[in-house]
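Please read the structure below before turning to the comments.
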């Protein structure tokens, strides 16, 4: 009944107006699944490869017709007739068909689109929501949202070197209330930025992108907005950073071009420690560059027992790199992006490895998103307790928050909001 009878891919647009892959999977019983693949701006060197056409006459070379052809021809031929419920086998077949260590032949965007659409079709056939199909009866934890309210780095055209300044409403009683808290802080931040003479244009992920001189200035505005909304910084709402340090790591040093400052790895670790001591920061992502393992070790030893240190470019949702980090005692959390590794099975394996090692896991979007809300379901399915999906603006971001609100409503009395316990270093 769940045999795959059709797989069809198409080229659609993401939130930046760039093409991406969308896949439909149809089963023998008429069940259907659809998934759209996100795309990153600051990408780790060790990520699975997003296959682009390179034809400058279409979308400036960013077209995905090759990936679509791979889905409609090679992948469909390999999967036709297989049972959609056998997710592990299906993903394994696609990975073997690709045959490269980074999915560069078929494209991670091709493989992932099919992988997620297959899971959705199987869930449809089972008459279950995706979070329940993937996570089973234990899937009931609603994640703390890491809401990106100020953008910098490659996500914005401003002098701020850090990529994201986030709020984490850990004290809220529910995801619906957490979204309300975040929205109220977001709107008050907009007002305070305007009063201070800053523009309130938004970046790729919906956060404001003001011309602020430093990370400290951005953090000050965040704290003021939290207080103006009637919440207590460091109690009701914490702060989070995504430094995206790989983007400004040059010749062994961290070059803050916006501030005109250069820091050695040791100075970078000390700077992050200083920030975390001065502000109610609960989480720092990619505070060191992806291959600066010594720097990561230093910052972990310095503040890893106090706050969450998230590896994004460091781990790229890859169990091999995560295993190495665990063995070396580096970071204490992994950012989970389905398109970094390129299949649902491998994504779930990364979350499982992290949780078994006592690391936290944060389900995450990409800066180039679509209206697809799969990651909201996956956050609940894995009970990971945290989700990073942008600001309180742009429908490509709010689609995920809205889906979480629906899931919470559907779970009813079974629903549990993760709260402060999601951040083990602080709980």
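Every residue gets a Cβ built from N, Cα and C, even glycine.
Annotation comment: Swiss-Prot describes 205 as active site, proton donor, evidence class sequence analysis. Neighbour count (other Cβ atoms within 10 Å of the Cβ, all protein chains): 31 for residue 205 (active site, proton donor).
For the recorded site, residue 337 (active site, proton acceptor), the DSSP three-state label reads coil. If you look up Swiss-Prot, you'll see 337 marked as active site, proton acceptor, on the strength of sequence analysis.
Within 10 Å of the C-beta of residue 163 ((2R)-2-phosphoglycerate binding site) we count 30 further C-beta atoms, all protein chains included. What Swiss-Prot records for 163, 337, 366, 367, 388 is (2R)-2-phosphoglycerate binding site.
Per Swiss-Prot, Mg(2+) binding site is recorded for 242, 285, 312, and the stated evidence type is sequence analysis. Residue 285 (Mg(2+) binding site) counts 28 other C-beta atoms within 10 Å of its own C-beta, drawing on all protein chains shown.
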Minimum Cα separation from residue 367 ((2R)-2-phosphoglycerate binding site), reported as the residue among recorded positions 205, 242, 285, 312 that achieves it:
205
Rounded to the nearest Å, what's the C-alpha distance separating residue 366 ((2R)-2-phosphoglycerate binding site) and residue 205 (active site, proton donor)? Just drop the number here, would you?
8
Enumerate the residues of the same chain, 242, 285, 312 excluded, that satisfy the criterion Cβ within 8 A of the mean position of the Cβ atoms of the recorded Mg(2+) site; list them in sequence order.
163, 164, 241, 243, 244, 284, 286, 310, 313, 335, 388
Specify the count of other C-beta atoms within 10 Å of the C-beta of residue 242 (Mg(2+) binding site).
28
Rounded Cα-Cα span from residue 388 ((2R)-2-phosphoglycerate binding site) to residue 285 (Mg(2+) binding site), Å:
11
Measure the Cβ-based neighbour count of residue 388 ((2R)-2-phosphoglycerate binding site), defined as the other Cβ atoms within 10 Å of its Cβ.
30
